[in-house]
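Taken from Swiss-Prot, the feature active site, for RuvC-like nuclease domain applies to ASP10, supported by sequence analysis. Taken from Swiss-Prot, the feature active site, proton acceptor for HNH nuclease domain applies to HIS843, supported by sequence analysis. According to Swiss-Prot, the Mn(2+) 1 binding site annotation covers ASP10, GLU765, GLU769. Look at Swiss-Prot and you will find ASP10, GLU769, HIS986 tagged as Mn(2+) 2 binding site. Annotation source Swiss-Prot lists domain 'HNH Cas9-type' at 773-924.
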Amino acid sequence: MKKPYTIGLDIGTNSVGWAVLTDQYDLVKRKMKIAGDSEKKQIKKNFWGVRLFDEGQTAADRRMARTARRRIERRRNRISYLQGIFAEEMSKTDANFFCRLSDSFYVDNEKRNSRHPFFATIEEEVEYHKNYPTIYHLREELVNSSEKADLRLVYLALAHIIKYRGNFLIEGALDTQNTSVDGIYKQFIQTYNQVFASGIEDGSLKKLEDNKDVAKILVEKVTRKEKLERILKLYPGEKSAGMFAQFISLIVGSKGNFQKPFDLIEKSDIECAKDSYEEDLESLLALIGDEYAELFVAAKNAYSAVVLSSIITVAETETNAKLSASMIERFDTHEEDLGELKAFIKLHLPKHYEEIFSNTEKHGYAGYIDGKTKQADFYKYMKMTLENIEGADYFIAKIEKENFLRKQRTFDNGAIPHQLHLEELEAILHQQAKYYPFLKENYDKIKSLVTFRIPYFVGPLANGQSEFAWLTRKADGEIRPWNIEEKVDFGKSAVDFIEKMTNKDTYLPKENVLPKHSLCYQKYLVYNELTKVRYINDQGKTSYFSGQEKEQIFNDLFKQKRKVKKKDLELFLRNMSHVESPTIEGLEDSFNSSYSTYHDLLKVGIKQEILDNPVNTEMLENIVKILTVFEDKRMIKEQLQQFSDVLDGVVLKKLERRHYTGWGRLSAKLLMGIRDKQSHLTILDYLMNDDGLNRNLMQLINDSNLSFKSIIEKEQVTTADKDIQSIVADLAGSPAIKKGILQSLKIVDELVSVMGYPPQTIVVEMARENQTTGKGKNNSRPRYKSLEKAIKEFGSQILKEHPTDNQELRNNRLYLYYLQNGKDMYTGQDLDIHNLSNYDIDHIVPQSFITDNSIDNLVLTSSAGNREKGDDVPPLEIVRKRKVFWEKLYQGNLMSKRKFDYLTKAERGGLTEADKARFIHRQLVETRQITKNVANILHQRFNYEKDDHGNTMKQVRIVTLKSALVSQFRKQFQLYKVRDVNDYHHAHDAYLNGVVANTLLKVYPQLEPEFVYGDYHQFDWFKANKATAKKQFYTNIMLFFAQKDRIIDENGEILWDKKYLDTVKKVMSYRQMNIVKKTEIQKGEFSKATIKPKGNSSKLIPRKTNWDPMKYGGLDSPNMAYAVVIEYAKGKNKLVFEKKIIRVTIMERKAFEKDEKAFLEEQGYRQPKVLAKLPKYTLYECEEGRRRMLASANEAQKGNQQVLPNHLVTLLHHAANCEVSDGKSLDYIESNREMFAELLAHVSEFAKRYTLAEANLNKINQLFEQNKEGDIKAIAQSFVDLMAFNAMGAPASFKFFETTIERKRYNNLKELLNSTIIYQSITGLYESRKRLDD
């Protein structure tokens, strides 16, 4: 008889815990065969384990390398096209000129022609370098001279311009003749005063006076931030977040955020240097009005003048080649300053002369010019050298202005706009076309080599198929800047670009999402927010708005006002509903959503009757889509022509100038396509009219009484005909979480194969912390920087009075002290920084309702303040006393909006029974789409058979569980999790997931729709909306394990018995567990990318085929694909066979796998034979069960798991939590101090047997003896850190009683040759062994 079993999964980003358990809560156990070289032919194994693996990485590095390759290739192509244009004429002048240029990189004896790169003779070469010390000398001469020049010189100048053509940050024409910062800043001030004339008249804004000091500040070599601060000081009364400050931010090159100054709903950042500046500005002007356009033009002109002033340093009348002349001036100044510096050093610091001017290893001039020294390091070195030396003021002043000994090629050359280079190119062509007619004929082609960029919607010009390209051709042949429109189908490529760029709906993975500015999407956002807004009438009755009222609000407010405020809604209630003193709940000062696109389209001239007519919905949605996808005005114009029969030319012209950004999360089909089977209404229909219930989107799609949930499940991508790899690849989510999902699916497949039949239940838990996004990781980085900025804005001196650092701020107690500006959050009294352990860390929303240990839910307060607050959010009395202070913290960025809302929740009725039920429900029921996707894949893999009526037959229950339930279970029964001890906790969690899920569904079968994927009960097991009943029910679920000794159903079946706890505890103490680290054949880059200089090193890899590293340098540190153990013959007369480990690099892998024997013979091995292939993390076992994992061909990692008795795990749990406010953990470790000696004895015994780091162990024992009577908190932290000593994996250094214990590295791999290699399946249930000492 097949016994039912459950698979529990705990899925993470670098681990998957799994467990297979019976109905009686024990693990399945079997004797499993061991194949290969093993004395034991079978081992009894518990069916639980952990799959460990390296976290999946994003493709960011690959993408950057690909982008760099394309950029370099396109640069080479531009030069090649220029040579093609010059080829015929150049062959008449110097037939070998281009050959010599292409050979110029090679060493002399490998060049095909003359060893001189430019000219055939040494005399010409010397003459050229004498006349033109830099390329800019040549460019300037050709721009200013009308005489005929050598064609080779013309080519060299044009090639330099085209190769380094400048940036495209400033679009359109650039007025290089007018770079007077002072004059243009005056124009900006005049425009500012004109635009804000009405504000100046009514006193809300001040009239600004021109200040000559501003121009001086703008051109100074100081940071943008310092420029902004100094300019604002010249205008007293102007605030850093004010209107004027934002325009000055634009001018100095920073972001201007106009959200607050213009009172906008969304953040509105624009930056002059950004490619998208024009589009961003148009979007902003659409919100604030075109009357501000002239002011932004004035600000952009001022910004351009500042940029150009930093590049062009020569007077306007001196030359027509201002850029080249400025570079020549930089060269001449460098030469003069260098002469003066040398003379000064010889006179005042003769002993330093050699170091500064000859030693390239130092940060002196030699290192700066010929070594790797950066400008900042050179300046720092020279300043330190010259300080306090009489007469060095001149040099130090230039260093401080960053204008000392500047090189020709510097980082700020990236700021040179392409228009400056273009101006010189056009001048050279104009001067020389008189003598070389082909230049005139090809003028546009040559110019296009500077100005042309491949349109973004065309994408890479791939040859053949490419996973990154979507280009559609009109005609075959080579694509050039001047023929691209003949060769490429812009329209079709643009459509394909739309498809490629559009994201998929979170809920309906086949559907494209709507643009963020879609009228339909904005309508959904408005109604989704409005449906949860309540009002209290004059009689004190609280009501939601009816469907009719919502429609009226939408038409009378949102269609009339771009931004709807709370006071507008109050006025509406007074006028329409005759409520004299309404109180609005569920809304701050204004709505977050708006119907802004409607107003934009009205403004460009589309009539209201067109906008309001449902017949035009599709047209209007298409218009918004075009304006979102395309940035190119010509492309927008072309795409909009399809609507010319409805919209006139004037309207279309205005639409061309508009551009939207951003995409929503939902599709049109989700909002308006799928319909409830009974009512035939869409989700948007319900949002507009859901009288009595007023459900929002999440409630509608999760409501068991509606069919949206089942429709969404059926719409999920089918997995029937796809392999697991491609199924997971199609999921929305990070590469890290996808890798975990893929591993978990493979584990389930193997477990089902071993068991021989499917499980009754599969329980899936995905911990939230395992879905950390890039943003999340950034947010968790060092706290000091953000704190310092916020404290400064807040105007506090607390960081100066009590300095701290990132290490200290990891302590939440101290971090909260600074975030609260040293004040008790509930009482306002000063906190004593020296006695922070005496205060409580309080959860604003109590832990009994929500497991939220984030800073957003924590405050530091006295015990008295905590008691006054009680087991609820802060009462109204505390809110009224402290709200002003909390608002200051919120405005000063020391508190998030979420935290402020938690603290002030009493103003909005406090924690209602419905809130409490919702908080607890949120901890129980998994709502994340990524988890539902995993459940869907498992559901489709096992529940694919249909009954006679076509309904899915459910063979396997797929249960999604949240970690809160298992956490509660662990807490109640002291089954403590200490992650630092070993990796067992992943499998423990998987096992407990199975225990909790099975028991819950036995005791509360009505919970199946909440937990089991694909279950829909078409009734509400809480009649009406009894929030109190729901809250009590959910609370009981969280606590029933502790409250009930035995639960029996009506048939007498025991559903839960406390004796089962003994089984659970026994299982949790099992020592045998299958830990498997995923072996990896390494792929990717061949070696480190850094090119090493030429040298007599056999280790260097040639940069290209036939490039001798001794002549051209090379690459080092080749990356290993895997290692191999080989056997080969040694000796002359008598052959002796030896074994050796060698690495096969990623670069060599293909050749090795093609013919292993030939490859090894080429390496010099006689009669070679491959004994074993060893990918990274291959596991091998030495004497007494000591295990290691291969890290590289010459280093290993620890391979054993340390297991501690339960009482020592309990000790470590309390040690890790001794800072918690209730003091229980601190009391525990204080009263069990002597147990730390026992813990150390266990660690020492394990280390002597497996870790083998004797010197470190002796040091650890000595430190313990010296500190064992010391501060108990220091002991606790030291022993938590000590767990790293024996942890499986790469050795790591750690601190023990503030002393660093350095890592012990395992570099001697000779023992591997006498070990047993262990090959494991993904679960570790199957294994085979191979002895290498035979």
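Any Cβ shown, glycine's included, is placed from N, Cα and C.
Positions of Swiss-Prot features highlighted on the structure.
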| residue | record | Cβ within 10 Å |
| --- | --- | --- |
| ASP10 | active site, for RuvC-like nuclease domain | 30 |
| GLU765 | Mn(2+) 1 binding site | 26 |
| HIS843 | active site, proton acceptor for HNH nuclease domain | 21 |
| HIS986 | Mn(2+) 2 binding site | 29 |
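Using Cα positions, the member of the recorded positions ASP10, GLU765, HIS843 nearest to HIS986 (Mn(2+) 2 binding site) is identified as ASP10. For the pair the residue listed as 'active site, proton acceptor for HNH nuclease domain' and GLU765 (Mn(2+) 1 binding site), the Cα-Cα distance reads 25 Å. Rounded to a whole number, the distance between the Cα atoms of the residue listed as 'active site, for RuvC-like nuclease domain' and GLU765 (Mn(2+) 1 binding site) is 5 Å. Per-residue confidence over the domain 'HNH Cas9-type' (773-924) averages out at a pLDDT of 81.
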